[in-house]
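Below is one structure, written out as structure tokens; comments come after it.
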Amino acid sequence: MNLTAESHRIPLSDGNSIPLLGLGTYADPQKTPKGSCQEAVKIAIDAGYRHIDGAFVYFNEHEVGQAIREKIAEGKIKREDIFYCGKLWNTCHPPELVRPTLEKTLKILQLDYVDLYIIELPMAFKPGDALYPKDENGKFIYHETDLCATWEALEACKDAGLAKSIGVSNFNRRQLEMIMNKPGLKYKPVSNQVECHPYFTQPKLLEFCRQHDIVIVGYSPLGTSRDESWVNVSSPPLLKDPVLNAIGKKYNKTAAQIALRFNVQRGVVVIPKSFNPQRIRENFQIFDFSLTEKEMKEIEALNKNVRYVELLM
Ligand code: NAP
């Protein structure tokens, strides 16, 4: 694949396209100063990012929207230059909740549409104000819903122009097949956002998605923030890996840049999160070199098949 900073987008099955590199925006709201997400998005846009990955449950969508609107007002970008991905949370799977939930997100963002709207997880929680509803024993309260009906509600959002493209996240092959084999399917998922990096390369899912024209968007492409409250830290830190660091030395790049380049070079979109100006810029500098076939194979061989994000719920 020939990638340049100017043309680093890949086509989606519905005729749209997605930038191969996006800015992840999840940061623990308790530990992150207000305004840092907004500042990060503005720095990212100045650095050349056009893809921002967000979600209602990150509690900072208002900052993302504000940053995008400020950059539009400055004349730096137009709305159509930006690719924003929003997510449908687990408590909002019942079909009648889907459009109002997306409309709420658009109100928070103060934008007219999202470029991609995805079902964040394939399982549902009890609808209501509690985003993580639990019973008196501290167990999550799940909710029986039909993923195909949820999908139809997403299709209606695309038809209404509220989402340019629709997709899923954390879906396995069986769940993807369930949607794709749904009688009367109008649009298939254009993408599946899943954990993907050199220690969790997803070879089987990647092959399946390639065959069905579904783009894989790799989350935690740098191996997460290693926050023990939700990350399995028994898997070693990705960025300390000797192979990634040795290859980085050859190209005068960091292990982070090698990990990101590895994925984009095999057609996997990456959405590294950084709120640090220097690292935001660093993560974008991956389009001016390429890895050899041998190096790609060496990195593929690092796969440990262990997730950092176990999603135990
Ligand atoms: P990540 O992008 O793999 O790693 C983020 C961590 O790496 C942060 O601590 C960041 O700190 C640090 N970092 C960033 N650039 C670096 C560099 N060049 N060198 C060294 N450290 C660097 O992890 P993630 O946040 O888990 O995943 C990325 C995004 O994917 C999320 O923000 C979110 O948008 C999405 N996501 C989606 C799901 C889902 O279920 N769909 C799940 C998880 C994540 P600084 O900010 O200080 O730079």
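Note: Cβ is positioned from N, Cα and C throughout, glycine not excepted.
What TrEMBL lists as domain 'NADP-dependent oxidoreductase' is 21-303. Taking the domain 'NADP-dependent oxidoreductase' (21-303) as a whole, pLDDT averages 97 in the prediction.
Here TrEMBL flags TYR58 as active site, proton donor. Taken residue by residue with DSSP, TYR58 (active site, proton donor) is part of a helix. Contacts of TYR58 (active site, proton donor) defined by a Cβ separation under 8 A and a same-chain sequence distance of 6+ are given as THR25, TYR26, ALA27, PRO29, CYS37, in order along the sequence.
Taken from TrEMBL, the feature site 'Lowers pKa of active site Tyr' covers LYS87. Note on LYS87 (site 'Lowers pKa of active site Tyr'): other Cβ atoms within 10 Å of its Cβ, all shown chains, come to 27.
In the three-state DSSP scheme, HIS143 (substrate binding site) falls into the coil class. Taken from TrEMBL, the feature substrate binding site covers HIS143.
LYS87 (site 'Lowers pKa of active site Tyr') is 18 Å away from HIS143 (substrate binding site) when you measure Cα to Cα. Counting Cβ atoms from all protein chains shown, HIS143 (substrate binding site) has 16 others lying within 10 Å of its own Cβ.
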